[in-house]
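Listed in TrEMBL:
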- 49-318: domain 'G-protein coupled receptors family 1 profile' (DOMAIN)
- 29-54: transmembrane segment (TRANSMEM)
- 66-87: transmembrane segment (TRANSMEM)
- 153-172: transmembrane segment (TRANSMEM)
- 206-229: transmembrane segment (TRANSMEM)
- 259-283: transmembrane segment (TRANSMEM)
- 295-319: transmembrane segment (TRANSMEM)
Amino acid sequence: MSNSTVLNNVLATQSYLTDKIIGDKVRQIWYVVLKCAMYDLFATIGIVANVINLSVFWEMGCHDSAGVTLISLTLSDLVSLLILFWMGMCYNPLFTYSDVSFDTQSVVYLSGGWLKIYISRVTSWITAFLSLERCLCIAMPLRVRRALTKSRSVYINAGIFVVIFCMLPPIYSTTWLDWQWFPDRNRTLLGLDFSSDRDHVYDTVALVNVVLTYVSFFIILACTLLLVATLNKQLQWRNATSKKLSSASSKELRVNKMIVLIALLFISFFFPGTVVLLVMVFVPEFNKGMFYNNLFTVVWAFIHILEAWNSSFNIFVYYHMSSKFRSILNYKFRCLRRSFGKTVTDKLDQCNYDSTDFQ
């Protein structure tokens, strides 16, 4: 059987592979609602939120390791949402059945699906590093602050992007786009083609992805539990002594709370995907083109939406927990309202904005 025939069987999802849990018609309804509408809707909201985050972080400046990591986390969230927006476009039937010369399902597999997996792992490891860094700061504050400088944090965060990216070349070396005949479309389009060792490479990369997912998740979970316990002790001590915390101690407490909230959001929204990965390991038929294809499609659509929420909600954490972030953001919005109709640059200039007002 040729690669083209295998591909067409997978993408068309033959009726004999349809699972009884979710029928074809129900799957198609969820497909349109979730992948075509919800993907682009939530991705757009999240993109706007993260652009605002980056704008405020730029004005705040980056003075320590935690600031570098928060900016890296915002960048990974933004990229994740841009990829999700592209996936929503490719899943839209109006785009799929337009005059484009490629099969959108095949293109999104390479330009969306695997890139989404990559950036999700980056997000998880940056969150793990952020949580671990905060735990180490509590255990060995002076030593960690001397060792983990801003420049070293830049290298670590950049290293996370680069190292995890290494799982993509094996996929792209065994899977590519080539001209394929699609009988259901009665057209020749650019579609997926595979090398002979593709299945072995896929299984290896999938295993690496599972390991990266679970290691980072348990680091975040363990560090979050430790941070919550530490916060409770600090609050109990403050209530028992009735002493007002110093400015530095109060700032550290707010930072700890903020990182705990970020980690809790991650755990809440990524936990379903973590469980589903384990299900895929023990139930091989729960995969695309396999017996539980319909259920697999709907479940992963919900998981992608949960991940989009995780990438979008951090702005509320920053706004609630950081007085400096809140002040700058409020100031920007006031300036925009006063000078409605002008360019953003003109608006900020008219307000005589100075970032030192918030230092």
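Cβ coordinates are placed from backbone N, Cα and C, and glycine is handled just like the others.
Sequence-distant neighbours of the transmembrane segment (295-319) (same chain, 6+ residues past either end, Cβ-Cβ under 8 Å): 19, 21-22, 27, 30-31, 34-35, 38-39, 42-43, 45-46, 49-50, 52-53, 56, 70, 73-74, 77-78, 80-81, 84, 87, 116, 120, 123, 258, 261-262, 265-266, 268-270, 272-273, 276, 286-288, 325-326, 329. Long-range contacts of the transmembrane segment (29-54) within the same chain, counting only residues at least 6 positions beyond its ends with a Cβ under 8 Å from a Cβ of the stretch, are 22, 71, 74-75, 77-78, 81-82, 84-85, 87-89, 91-93, 297-298, 301-302, 304-305, 308-309, 311-312, 314-315, 318, 329.
Over the domain 'G-protein coupled receptors family 1 profile' (49-318), the average per-residue pLDDT in this prediction is 89.
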